[in-house]
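As written in Swiss-Prot, here are the features:
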- 11-31: transmembrane segment (TRANSMEM)
- 60-80: transmembrane segment (TRANSMEM)
- 96-116: transmembrane segment (TRANSMEM)
- 126-146: transmembrane segment (TRANSMEM)
- 155-175: transmembrane segment (TRANSMEM)
- 180-200: transmembrane segment (TRANSMEM)
- 218-238: transmembrane segment (TRANSMEM)
- 260-280: transmembrane segment (TRANSMEM)
- 293-313: transmembrane segment (TRANSMEM)
- 326-346: transmembrane segment (TRANSMEM)
- 358-378: transmembrane segment (TRANSMEM)
Amino acid sequence: MNLFLKKLLKNDATGGVVLIVAAAFAMFLANNDSTRHAYQAMLTLPVQFRFGALDINKDLLLWINDALMALFFLMIGLEVKRELMMGSLKGRERAMFPLIAALGGMLAPGLIYAAFNHQDAQAIHGWAIPTATDIAFALGILALLGSRVPAALKMFLMALAVIDDLGAIVIIALFYTSELSLISLTVAAASIAVLAVLNGCGVRKTSVYLAVGMVLWVAVLKSGVHATLAGVIVGLFIPLKKQEGHSPAIELAHGLHPWVSWLILPLFAFANAGISLSGVSLNGLFSAVPLGITLGLFIGKPLGITLICWLAVKLKIAALPENTRLIDIAAVGVLCGIGFTMSIFIASLAFDGAHEELVTLAKLGILSGSVISALVGYTLLRVKLR
């Protein structure tokens, strides 16, 4: 491999561009009369996996979202663990910071949405739609700024978005899931216990953790909870400490990085960004549902994150990540308003069985709020990091 190609593959900004191009191409295909049906048919292509009594039969889209994205979340779990143990989030006060930020970033958007829709018995079910952050697209936009982004700021966004996603998974399980499989949840809990024992006994063979992780992934998938959660959990248990110059967590993260940046995230963007705008009108943007979502994402996210972080620092409950200021946190908070795929998923659950118009209006609000947040967040950070 020549030097230019090596540099290109290691360039985070280039990976961000590929993600945006994949998303734009998906939007084109989904809104073009001659390609719309072929695009949808490809994503709904059934893919079956059988191994003994195990039978998993899902559409291609769900394999990308549940299986490939579990590897992305595995890498995120590894990166967050490293920062918690030896990086910018080390120490109780700094570790608490993204947790508190995520809570504020979920509370404020939900309240803003509720303020616009509390009188509509159907629309109020969508209160959780603007609470989500699409970690893949948020990191993709941040990656466009390349090496200018301080590592501490990137890790803060990563940790905040992971906690945000975990919060969204809990909300979905509590408010939007009718049935959870207790047997599968028990198997998942047992798998986590095995991972903890392996880590406690000092087992350093990565393949052992990944094997248990596959059992955990299947159990979480079958339980009715979002399967990507398994990736984060496995990443947090893989040993980090070096022994004879060998760190399983760091080496696995480095190995996953090019696959995630150049294959998994672009595929995710291509499969999920194809939102059909058929039946959408700009007049509808100013109705209560899309307005509540747009303002919840663009205003509520950064406002909630910034205010609660300011309060936590003042009360000495948490501490800012090293080499960052509150204005940096506010700018990253704007990027957290990119709800996109996770928000669309919650909208489909919230308005399941309701009038299709609510789903269309929700998508309009999600798209407008996410695009505005991406553009403004990128601009703010670019100006600040100049």
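Positions of Cβ are set from backbone N, Cα and C atoms, glycine also.
Across the candidate stretches 218-238, 260-280, 293-313, 326-346, the maximum count of CB pairs under 8 A to the transmembrane segment (126-146) is reached by 326-346. Below 8 angstroms of C-beta separation, residues 42-47, 89, 135-136, 155, 158-159, 162, 165, 213, 217, 221, 226-236, 238, 249-250, 252-253, 256-257, 259-260, 264-265, 267-268, 271-272, 341 of the same chain, each at least six residues beyond the ends of the transmembrane segment (60-80), sit close to that stretch.
Beyond its flanks by at least six residues, the transmembrane segment (11-31) meets 38-40, 136-137, 140-147, 261-262, 265-267, 269-278 of its own chain at Cβ-Cβ distances under 8 Å. Same-chain residues lying 6 or more positions outside the transmembrane segment (358-378) and placing a CB less than 8 Å from one of its CB atoms are 122-123, 126, 129-130, 134, 137, 141, 144-145, 275, 279-280, 284-285, 287, 289-298, 301, 331-332, 334-340, 343-344, 347-348, 350-351.
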